[in-house]
Amino acid sequence: MPQLYIYIRLLGAYLFIISRVQGQNLDSMLHGTGMKSDSDQKKSENGVTLAPEDTLPFLKCYCSGHCPDDAINNTCITNGHCFAIIEEDDQGETTLASGCMKYEGSDFQCKDSPKAQLRRTIECCRTNLCNQYLQPTLPPVVIGPFFDGSIRWLVLLISMAVCIIAMIIFSSCFCYKHYCKSISSRRRYNRDLEQDEAFIPVGESLKDLIDQSQSSGSGSGLPLLVQRTIAKQIQMVRQVGKGRYGEVWMGKWRGEKVAVKVFFTTEEASWFRETEIYQTVLMRHENILGFIAADIKGTGSWTQLYLITDYHENGSLYDFLKCATLDTRALLKLAYSAACGLCHLHTEIYGTQGKPAIAHRDLKSKNILIKKNGSCCIADLGLAVKFNSDTNEVDVPLNTRVGTKRYMAPEVLDESLNKNHFQPYIMADIYSFGLIIWEMARRCITGGIVEEYQLPYYNMVPSDPSYEDMREVVCVKRLRPIVSNRWNSDECLRAVLKLMSECWAHNPASRLTALRIKKTLAKMVESQDVKI
């Protein structure tokens, strides 16, 4: 009977302990007392060692907001830590609380990190009522990287928007100002044009104006005011060519066709030089391209350099030979007229209104034009050199352009040409003229045979040869364009072959003069009864 009583007592104690353990809620970590039964606070009689927390001393802590049910006078008992905590809720209000913390997990809870969205701070201690004096403070507000980046992006976007708006306003003002200036210039131009129409009488042709200037003027071309008037009244029709200097247009002045050479602004030196040469006294010749006017047109934002000349619809000798063949009479007419033009350039005319000797320096088939009557005229004088015999001075143009490498004389290619004397420039022109005669002779039909058109040295150098390519062929190997065997069987071509060979001789002193070439061709023209 006593044993049964003991078993009942033990069973009751066990059930009491179980009920105490299961009755703890989730917040017992913070406000649980951690109290144990008397039997739990002692070692078992069998000598079994209890857990470490069973040996820790119990603390009395101050509690407020986290008091357990058995708290007395705002105090609680625990074997863990006393704590004080301050929290901020979703509305931004702060709450300060304190209480007891159980031993289990207390180290982790005391090192608790606040959440990113809700701030809180917890402080722990291990002496009686120590948390009564703890005053935890909330951590400072930290701006997250995303929020910080958003601010930067917002500032950047606003700055960009302001800059774009400012640029739009500036561009609009600039365009409006330019538009007003353009309208003003156009009105002024139209007003000047009306005045100019009255300046040149209606019915006057270009030939009439030029004849008048030749008979009553200085022989250097139309007066500048007339030139500017003509340039203003030109109507551009279509582009007919383009080169390294600019473009060539076919235009009309009072119904008459004219050629308008529009120079790039970078080629102002070439425009100035060519204008200067054309306006040289006594320069006009039937085998030199007829000069009409020169002018600079434009406003502050654009500039056009005009050179207005006679228009020849057959184009250049280069274009003509590619699509047409020649008989001996046509060949001699082309060669003789070109020689006449070159002779006029090279010849100095003495007198009070004399003409200086001029060397072309860029003679080639593309710079010789074909007139309606089948004769030639020499064009493109942008590189021309003048010689003043009174001062013995060689006037070389100050521009960056150079001649065409394919047509350069040996002394130009190997840089042995004496630039301080005028005669070497003349002899270099003669070499180039010999190559042009070769181009013509290839297209002359004899015995029903004719060669296709080719440029000089077509089979010896690339299509765009370098100085080294030409120097190797012309100076080192001393080669010249190939000649067909049929030329020797025709009297006319045989004479032309002899002439061109004397033109392209390696030694400049051995070459013919332009006057000698002209006289030789004149005899051939006369023997063939060619009408010039």
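Just so you know, glycine gets a Cβ as well, placed from its N, Cα and C.
Feature annotation from Swiss-Prot assigns signal peptide to 1-23; the stated evidence is sequence analysis.
Look at Swiss-Prot and you will find 24-152 tagged as topological domain 'Extracellular'.
Feature annotation from Swiss-Prot assigns disulfide bond to CYS61-CYS82 (among others); the stated evidence is experimental evidence. For CYS61 (disulfide bond), the same-chain residues 6+ apart in sequence whose C-beta sits under 8 angstroms from its C-beta are THR75, CYS76, ILE77, THR78, CYS82, PHE83, SER98, GLY99, CYS100, ASN128, LEU129, CYS130, ASN131.
Residues or ranges marked as disulfide bond in Swiss-Prot: CYS63-CYS67 (among others).
Around ASN73 (N-linked glycosylation site), no same-chain residue six or more apart in sequence has its CB under 8 Å from its CB. In the three-state DSSP scheme, ASN73 (N-linked glycosylation site) falls into the coil class. Here Swiss-Prot flags ASN73 as N-linked glycosylation site, drawing on sequence analysis.
According to Swiss-Prot, the feature disulfide bond maps to CYS76-CYS100 (among others). Counting every protein chain shown, the number of other Cβ atoms lying within 10 Å of the Cβ of CYS76 (disulfide bond) is 26.
Taking the Cβ of CYS124 (disulfide bond) as centre and 10 Å as the limit, one finds 21 other Cβ atoms among all the protein chains shown. Annotated disulfide bond per Swiss-Prot: CYS110-CYS124 (among others), in sequence order.
The annotation disulfide bond is assigned in Swiss-Prot to CYS125-CYS130 (among others). Mapped onto three states, the DSSP output places CYS125 (disulfide bond) in strand.
Feature annotation from Swiss-Prot assigns transmembrane segment to 153-176; the stated evidence is sequence analysis.
Taken from Swiss-Prot, the feature topological domain 'Cytoplasmic' covers 177-532.
Taken from Swiss-Prot, the feature domain 'GS' applies to 204-233, supported by sequence analysis.
Mean pLDDT for the domain 'Protein kinase' (234-525) in this predicted model: 92. Sequence annotations record features per position, and here Swiss-Prot assigns domain 'Protein kinase' to 234-525.
If you look up Swiss-Prot, you'll see ASP362 marked as active site, proton acceptor, on the strength of sequence analysis. Counting Cβ atoms from all protein chains shown, ASP362 (active site, proton acceptor) has 20 others lying within 10 Å of its own Cβ.
Recorded residues CYS67 (disulfide bond) and CYS124 (disulfide bond) have their alpha carbons 16 Å apart, per Cα-Cα distance. Each of the disulfide-bonded residues CYS63, CYS67, CYS100, CYS110, CYS130 was ranked by the number of other C-beta atoms within 10 Å, and first place falls to CYS100.
Mapped onto three states, the DSSP output places CYS130 (disulfide bond) in helix.
Cα separation, CYS63 (disulfide bond) to CYS124 (disulfide bond), rounded: 13 Å. Sorting the disulfide-bonded residues CYS82, CYS125 by the number of other Cβ atoms within 10 Å puts CYS82 first.
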